[in-house]
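Taking it in order: structure first as structure tokens, then the write-up.
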Protein chains: 2
Amino acid sequence: MSARALPYRPHNHDACVSQALAEARSICQQQNARLTPTRERVLELIWQSHKPLGAYDVLAKLTSEGHSAAPPTVYRALDFLQQHGLVHRIASLNAFTGCAHTGEHHTGLFLICRTCGNVLELTDTGVSDAIHKAASAEAFRTEAITLEVAGICPACQAEQNHE
Amino acid sequence: MSARALPYRPHNHDACVSQALAEARSICQQQNARLTPTRERVLELIWQSHKPLGAYDVLAKLTSEGHSAAPPTVYRALDFLQQHGLVHRIASLNAFTGCAHTGEHHTGLFLICRTCGNVLELTDTGVSDAIHKAASAEAFRTEAITLEVAGICPACQAEQNHE
DNA sequence: AAAAAAGTGCAACATTATAACAGTTGCGAG
DNA sequence: CTCGCAACTGTTATAATGTTGCACTTTTTT
Ligand SMILES: [Zn+2]
Ligand SMILES: [Zn+2]
Ligand SMILES: [Zn+2]
Ligand SMILES: [Zn+2]
């Protein structure tokens, strides 16, 4: 089989972060949106790892940096980032994760490891076609899809087998 | 096209409720689980309509009936009902809906109308096969799937066109 | 009947998210 | 330039959702 996806193996995560920030700047410029320091910092914090971060986790990191912040600060930044497709909210975790497919106008499928907490975002036309087809069969007009798969990632499966 | 699914047309909803309760009794008996009065009443309240109900909505109805209840009462009943496959939690709404496919050991796909709030639960092997396939391709071991589709139901689409 | 297990009531608390309003900043029109 | 609007931010308070811990009761098992 081919190489594991990034979250499942050691990698230069700083590259993930700087690429995400670069794309964010580019996208905001295109869309005439202001990626203010707070927003950029929140995005960077979200990208600290491939584990989704709760709004209050972000808040704690901000305040620990001396940033005088309250919940609305964080939620407003997260709303902005979601609106511009830079982060996703994981409904089953009440947490946020950086978008791995910015600009692609995609329907994300999230693989959430319940052991290590890492999340891998996929896009899969087979899946989204099947969903649209099923919805259409009921004459339902689809607008948004929440698709979150919980389970065990390959790295954690290997861990388990070594025990 | 064939007849619309139940939530999308007038129907004898009392039949939905009594069938759901009958199945619940049968399933609990099979599984040696105790469908106590509180649990049964919560299930009945959840089935009051095809719109998901929040835990605190259930709580309000219980207390308005004179039942001395606190949040844990409701959450415990809901946990029990979920455990036995009698209700589902809709993560994107923080709300609960009666299971329309009890006993089938299924992966639900929920079509959620953002206008009327009704939810239709489907099972679709095409969809779940596609999801399992996508997860397997990443060597991910799937345990649970959250799949919620937001949009406009056929009934509400018709409404819009009449305006 | 005694012991164990499952269920319930209750109080307190934890977590997640929003409302309302005042102040500030960036930016274009005149 | 500077006035004025729109977007953004800070702050306080509050709403909505969910959990913990413990004492007590009911049911089941032995
Ligand atoms: Zn990375
Ligand atoms: Zn893992
Ligand atoms: Zn019905
Ligand atoms: Zn509708």
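Cβ coordinates come from backbone N, Cα and C, glycine included.
All TrEMBL annotations are machine predictions without curation.
Per TrEMBL, these features apply:
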- B:H105: Fe cation binding site (BINDING)
- B:C113, B:C116, B:C153, B:C156: Zn(2+) binding site (BINDING)
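Listed binding-site residues: B:H105, B:C116, B:C153. Those with a CB under 8 Å from a CB in chain A, in sequence order: B:C153. Least packed by the Cβ count within 10 Å, out of the binding-site residues B:C113, B:C116, B:C153, B:C156, is B:C116. Ligand 4 lies under 6 Å from the Cβ of the following binding-site residues, listed in sequence order from B:H105, B:C113, B:C116, B:C153, B:C156: B:C113, B:C116, B:C153, B:C156. Listed in sequence order, the residues B:Y8, B:R114, B:T115, B:G117, B:N118, B:I152, B:P154, B:A155, B:Q157 complete the 8 Å Cβ shell around the Zn(2+) site centroid, once B:C113, B:C116, B:C153, B:C156 themselves are left out. The residue listed as 'Fe cation binding site' is surrounded by 8 other CB atoms, counting those within 10 A of its CB over all protein chains shown.
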